[in-house]
Amino acid sequence: TQEMAEPPGLRDERGEGALGAPALASPCLADNRLNLDVYPDGCGRFIQLLERHPGDLAQVEFVRLSSNDRLLGTALGILPRLQSLKSLVLKGGHARDEFGSWQPGSLTTLPTDFGNLRCLTHLDLSFNRLSTLPSCISHLRSLRALLVSHNSLEALPEDFGCLSKLTFFSAMRNQLKGLPRSIGELAALQDLDLSGNALEYLPEEVGNLHSCTELDLSGNQLLSIPDALANLKCLRRLHLHSNLLVTVPASLASLPNLSRLDLQNNRLRAVPPEIQSSPFVRLRGNPLGESEPSPQPEEPSARRLQRLFLASGEDSFTVTSEGCKVLLACGIRFYFPPGAASVPLRIHFRTLAPDPQWVKLRHHDILLSTVLELRPHGMEFQQEVEIWMPFASPQTLHQREVVVRTFSGQNWSDLRTKVEQKKKSRKHVACCSVLHFSWFLVVSRLVENECKVPAEGTLLFSSVDPDIKVIFPPGVTEKTRSVKMQVLPISAEEIEEITADAGCRASPLLCLSQDCLVDFLRPVRIQLPLPGGVSGLNLDRSRLHLLHGDLQGQTWDDVTSQVVLEFTHLYAIFEVTHFSWYWLWYTTKTYIGGIAKKVYERLRMYQVNFIALQRKKDPEQVLLQCVPKHKVDPVLKKLQDRYRGPEPSDMVEMFEGEQFFAAFERGISIDMDRPDCVDGRLSFIFYSHLKNMKEIYVTSPVDRKGQAVKGQVSFYRGAVPESIPEEASRRRKGPDSLWLATLPIKLPKLKSHSGDNPSPLNGFSFPPLNLGNAETGYLTQANLLSIARRVGGDWQTIGLNLGLTYQQIERIGYNHREDLDKQILDMLFSWAKQNSEDPKCVEKLITAMKESGRQDIADEIEAIIELGRQKYRESIRRVGLEQESSTEDSAVAMV
């Protein structure tokens with residue numbers, strides 16, 4: 001989601017921040033700002049405020065409303081009365097579906113009298129349903145920032161250039177095919193974002209945007225760009241990646257301030273030498289050096305498809321009717337055959353952390369990947385598109401199979417999947433073919449054998465154990481139905497370990513299901529092998545039990561007396577009319593149902609250990625991880641060079657997809673609030689084959705100048721998942737039942753700096769910083785200092801990706817050539833000073849960290865911003881809308 005704060009001038013005109021302005025007279029309004037988009041009935045509250053305090057409302061300068069609100073139409077008729085209004089946000093995206101995807105607002109136009117808002121300088125209409133730009137906007141001559149991203153605009157009005165004061169314009173993610181020539185009249189425009197549209201050409205007048213410092217044209221369908229772009233002498237960043245460019249003008253290399261030119265994923269076969277040799281140019285994903293394709297007609301299969309390589313941070317690409325191959329930074333690949341898309345189509349993607357609330361695993365499933373979302377949803381391709389997803393290899397593929405699972409919006413289903421292993425990396429990938437895009441993940445499941453049962457009957461074997469078979473006699477059904485079989489082999493050693501009884505034996509566990517709710521018309525004959533060590537010659541029938549379990553494995557009933565059991569030397573044979581779990585047990589125990597339930601429960605659990613390690617060079621950086629028992633030694637060996645800490649915890653048992661928490665105790669706390677914190681505890685979800693790891697900074701309120709702090713981290717279970725058996729749930733109730741383990745953490749004594757050993761901050765003066773915008777919370781001086789601690793030797797790469805020139809990097813390195821800390825601080829604060837007025841600077845900082853391979857720092861910054869958003873919304877609930885709130889209580893706590 002693209003965000004932009006009100007232009008800095010709006011704050012400067014009052015001499016203080018928008019949230020620090022004098023309060024309005026009404027006790028119901030604590031400021032001249034109304035942030036009502038956080039309320040489901042925000043428009044209704046706005047209407048009530050107008051009715052109760054019409055005089056005070058006329059003083060309001062800042063208004064935010066959700067365009068997902070059902071009373072938006074009524075509110076639109078009132079807004080033009082606010083003649084002092086300077087900033088108006090009418091965004092959608094406040095209503096989200098169960099997967100977190102935003103839902104567009106209902107706004108399709110604006111009333112004509114909106115053009116009378118003479119003071120309006122900031123207008124945000126993003127995430128709506130605009131197909132044309134409302135005509136009243138051309139009358140807003142004071143407008144300096146206009147955002148209409150994520151709409152359905154196909155064109156801009158011819159008189160768009162009349163917005164002469166415009167400095168920021170974003171129309172990303174629309175359907176623009178061209179631009180009006182009047183766009184060149186926007187002499188004050190500094191930032192123009194037209195990414196993710198369908199632009200095929202640019203007018204020459206674009207070269208008249210002499211104040212433009214950043215131009216984003218990525219993700220369009222441009223075949224060429226005009227030479228006039230070389231006139232943009234102020235341009236610093238030019239984004240042209242993911243287009244259809246076959247040539248670029250050499251004159252771009254002469255732009256004096258250009259620090260980034262992104263030409264990745266185009267069709268450039270040759271690039272002017274002066275551009276190719278520039279250090280700030282990115283060219284990956286182009287067929288450089290390849291010859292032109294033959295003019296003779298070729299078969300589609302013989303064509304060389306375009307290859308797109310997407311960098312970290314990119315989230316979309318364009319597919320044409322010619323097809324392409326796409327490789328994402330995370331290793332996911334796509335193959336779009338020629339003709340799959342009849343017209344150029346923009347594909348958007350993202351990966352999501354699996355959430356047990358909607359990623360519903362079946363019993364004995366193992367999750368092997370994160371969730372991949374592909375949009376647009378529901379659109380049908382002309383040919384099947386191949387998706388290749390890397391996955392965490394399970395311990396063994398024997399007796400299990402890997403499948404790609406997709407979500408239709410209502411339920412999950414498994415796709416026909418093939419699995420391959422890469423020759424060089426030896427990593428496994430799962431491939432499926434689809435005609436529609438939605439959500440995808442990779443799971444390992446019990447091998448599934450399936451057959452169609454006609455009225456004539458049939459025979460179904462298990463590929464895991466061919467001795468298991470199901471015989472369907474003629475007349476078993478009137479209409480053909482589908483039947484599935486899964487088998488879970490269980491060794492005698494597992495049974496003995498769980499039951500502590502060497503005399504217990506059990507057959508493989510058989511699960512049968514069908515797509516029909518009606519029982520079979522005739523009994524179905526099932527053959528199961530006798531438990532290990534038991535044969536028809538030594539069989540004691542009083543010890544043999546046939547158990548029937550429900551589909552959830554919650555109850556196991558002994559049905560031995562209800563069926564006719566036949567025996568051969570190796571098999572037991574019986575007949576049933578409905579399907580579920582079936583299990584043969586051989587034991588002297590009497591309450592066999594309870595024993596079977598305990599064994600079934602344990603078969604679904606994993607033995608794990610917790611580790612808590614501190615980085616050797618920075619003990620305040622703590623790594624927490626939940627590791628399956630068999631992986632503990634390899635994980636510790638991999639980390640031992642960089643980390644130290646106590647021995648792993650004692651072994652505990654957890655279910656796939658179970659939630660747990662980590663809490664720092666005894667004088668140690670988390671260094672910063674995080675969005676994954678619940679009541680001061682870090683939240684985790686255990687998946688046996690995914691990394692259940694988090695690396696965080698901790699601190700202590702105790703004065704550490706005199707002594708070290710000996711604290712601890714404890715792990716606790718979360719809410720009991722619905723899928724946990726009833727007996728296991730009962731065991732997790734009562735005092736300390738949720739506690740899992742505790743490990744010691746020690747923060748060393750702080751070293752004091754003397755005159756002979758000066759602080760790395762000596763000689764630096766840090767002015768107050770507010771990078772970002774008020775809605776999400778700012779990155780402050782303290783935040784930037786915290787980030788600087790983690791940068792290390794990557795500072796030069798990060799600086800270049802932030803847009804600093806090679807000369808600046810070299811000067812910083814020379815000025816502080818014997819002090820790495822000062823090099824890092826000088827680089828970060830030099831960049832911050834240059835970009836303090838840029839509303840997108842935080843987004844650029846995150847992107848730079850990802851491009852520099854520092855995902856850990858990018859995650860920390862995103863956590864700060866997410867926390868800012870949460871605090872902002874919490875504070876808004878105290879500002880202006882609660883009669884009892886005081887002005888002091890309504891102050892926003894920024895990060």
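Cβ atoms here come from the backbone N, Cα and C positions, even for glycine.
Per TrEMBL, the features are as follows:
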ACT_SITE  HIS436  active site
ACT_SITE  SER438  active site
ACT_SITE  HIS578  active site
ACT_SITE  SER580  active site
DOMAIN    313-443  domain 'ZU5'
DOMAIN    447-588  domain 'ZU5'
DOMAIN    780-865  domain 'Death'
REGION    279-302  region 'Disordered'
Distance, SER438 (active site) to SER580 (active site) (CA atoms, angstrom): 31
Proximal but sequence-remote residues of the same chain as SER438 (active site) (Cβ under 8 Å, at least 6 apart): GLU373, LEU374, HIS377, GLY378, THR406, PHE407, SER408, GLY409
Close in space, distant in sequence - HIS578 (active site), Cβ under 8 Å, 6 or more apart: ASP519, PHE520
Around the Cβ of SER580 (active site), the count of other Cβ atoms that are within 10 Å: 16
Local Cβ density at HIS436 (active site) - other Cβ atoms counted within 10 Å: 14
Within the domain 'ZU5' (447-588), residues counted as helix, strand or coil by DSSP: 14 helix, 59 strand, 69 coil
Helix-strand-coil residue split for the domain 'Death' (780-865), DSSP-based: 69 helix, 0 strand, 17 coil
Taken over the domain 'ZU5' (447-588), the model's mean pLDDT: 89
For the domain 'ZU5' (313-443), residues assigned helix / strand / coil by DSSP: 0 helix, 60 strand, 71 coil
